[in-house]
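Read the structure below first, then the notes.
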Amino acid sequence: MASVGHWYLAWQLPESKIQQDVIVSGRITQTRDIGHDQQLILAVHQFGDRTVFPSPSLLLFVEKAIGRFQLHQHVTLSVKLKPVSGMLNPGGDKRSWYVSKAIVASGTVNASYANRITEPASSFHHFAAARSRQAGYSRWLVALLTGDRRGLQQADWQLMRETGTGHLFSISGLHVGMVALWASVLASAMYGVIFWLWGLPHNRCNVRGFTFIVVVLLTALYATLANWQVPVARAWLLVLMVTGLFFSRAVWSWLQRFILMIAACILLFPFGIFGSSFYLSAGALALLLFIGSRFSVTGENRLSKLKVLIVSQCVLSFLLLPVTVGFFDAASLLTAPVNLLAIPVVTVIVPLGMMGLVMNYFTLQPNWLLDVADFVMSMLVRGLTFVEPWMISVNQLNIQPMVAILTLCAMLLLLMPPFRFRWLCIVLFSMPLSLSFLKQNPAPWIVHVFDVGHGSAIAIARGERAVLIDSGPSFEQGNMLRTVVVPTLRHLNIKRVDHVIFTHGDDDHAGGRKDIGLLSQLSHEPVATDVRDNLNGCQRGDAWQWQNISFSVLWPRPGNTLDNNAQSCVLRISETGRSLLIAGDIPKSSEYDLLYLLEKETGMKVQSDLLIAPHHGSDTSSSRAFVNAVSPKVTVFTTGAFHRWQLPDEQVQARYLDVGSEVYDTGQHGYVRLTMTTGNVIAQPFNRAISPRWYDNRGQHQD
């Protein structure tokens, strides 16, 4: 794995290459519509004038005016690149996903004469997906057979989430296993027919070898239909190994088989270990092997086999419950019976649809196989829609993944044969789950500075309640409140937001204002949230108490009617021995006015332990007089990673360092957690203290 890491780091852009134009050529491996624009993943074959192998990938954004590209096309593009970096927040870190896809940089496609399609899309997967959509087959069938889920709507995802059937419509090892099962049945039937027609004795041919070849070929055909996605390719490799071991009559324990399969997957798909799908697949495989060893068939009759199948499915659903809650924060107690009914239906749809797509590829016409598969699929979706209101959901428990894994270990111990200290181990593995339901210590108050790109979103939290100050920016398809702030608050186990304060109306601070109602999702009930801004409720002289924490407004002047940077709401938040100043986007002129007013009045302070720097660290703010007056122990700049404005300004940063302040920057560190203890501020930047990773490119460009 060290060589994989060196290869990935070697592709990180040096400072001199960031936001510079370059010509790249490669194959489009993934597309996604983002409003009117498009997002591509490009496997690069040529970078500038250099041919590269193995191929790194680029995450590219294409504006509508440039044109539309299709999956599998080979293209040459003029691009402007920067290090790939998503938002770094608890529960919302995409760094490992980028590595799992071998994505080394992101960027935009320039409007240039150099952009051209060098080879049209001509793969089996492309034609199968395109023709099934053109023929009018349902989006569910297209997603199941080809892995193209672009047509699925938000309500569809909600249905899968509530019924616990998302894995059935996301091509994985389960579907490859279904094809392998039907392939073995087909091979046996073909074998019998062929030898009956030819009149050959059965003992003169290798039945196992014939079946092995048919299984491998048909599963490879299905993997081709599914575009050889990494989970599918990994599953095909496992099918190859399992059938090989079975038909060779090799006697291996389930543990030996598991180790061999995992080692092969890591060797052939090394980047896959950075994606959650690898661990979910490996965990499911281990559970299946474990269940198979504990619940074996004791009789040869069909009833015994059916009983074992039902018990195995129920046990598997039971064991996957903590993992589902830990990784997806939701699960249903009725998942097992729903899957018991849905899996056989999907097992019928997959082979019918696969044969129908193959027939459609050669005849260019819809056929009865696809018609039957689509009809059965529509019945399945209707059934899931019918049972959705009756599902007993368990969600928003905020169980951490490691706690879920330890709980799974305890459940596995329950199913294992008795041994010494078994119950002691069960109790020890169960303790983290029990402790996770204890209420948080309300003594310290915590400042959560979210990474929302170039913008500001801050939560002041004590226990399970919070005050939100600013919501971050909006974008064409939504806003940071919806995509970052609310999910992160949920991950942090915040159950209620009592106040929302907008320092001013600029989009980078108030881009999520229209979606404030989403905060009620944290408590599952309508909550009356107090909303204030610099025009109403957040002007000099306004003050209130919240959980023994004092909120005082220092700026703007009372009666302000202007909504701009200069009139941003400046808040001082304090409790005995600790204080925070949030300065909005005030420029130097407002800083001077504020300091002048404070000199005239008594009882008002600007000195604070923690400062959210004004205007994201721009040189239009943070005058030396203001910095000296505040003299913060810790300063946080709310900036965007690799942003074109390159904030904070170096001279501004130096002023804070001169007064002995620790300096943090969301553009470099991501989310910052600040615990306000008596007389001290404990700062924990995400990529340094909470979740450090060797492949974090923000830290590499910071040093």
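Using the three backbone atoms N, Cα and C, a Cβ is placed for every residue, glycine included.
Among the features that TrEMBL reports, transmembrane segment is placed at 179-198, 210-228, 235-252, 258-288, 308-328, 340-361, 368-387, 399-416. Residues or ranges marked as domain 'Metallo-beta-lactamase' by TrEMBL: 454-640.
Distant neighbours of the transmembrane segment (235-252): 172-173, 175-177, 180, 184, 208-209, 211-212, 215-216, 219-220, 223, 260-261, 264-265, 268, 281, 285; these residues of the same chain sit at least 6 beyond its ends, with a Cβ under 8 Å from one of its Cβ atoms. A contact between the transmembrane segment (179-198) and the transmembrane segment (340-361) is present, since 3 or more of their C-beta pairs, 6 or more residues apart, lie under 8 Å. Restricting the average to the domain 'Metallo-beta-lactamase' (454-640) gives a pLDDT of 92. If one looks beyond the transmembrane segment (340-361) by at least 6 residues along the same chain, the residues whose Cβ comes under 8 Å of a Cβ in the stretch are 124, 127-128, 131-132, 135, 141, 144-146, 165, 168, 174-175, 178-179, 181-182, 221-222, 225, 310, 313-314, 367-373, 376-377, 379-380, 383-384.
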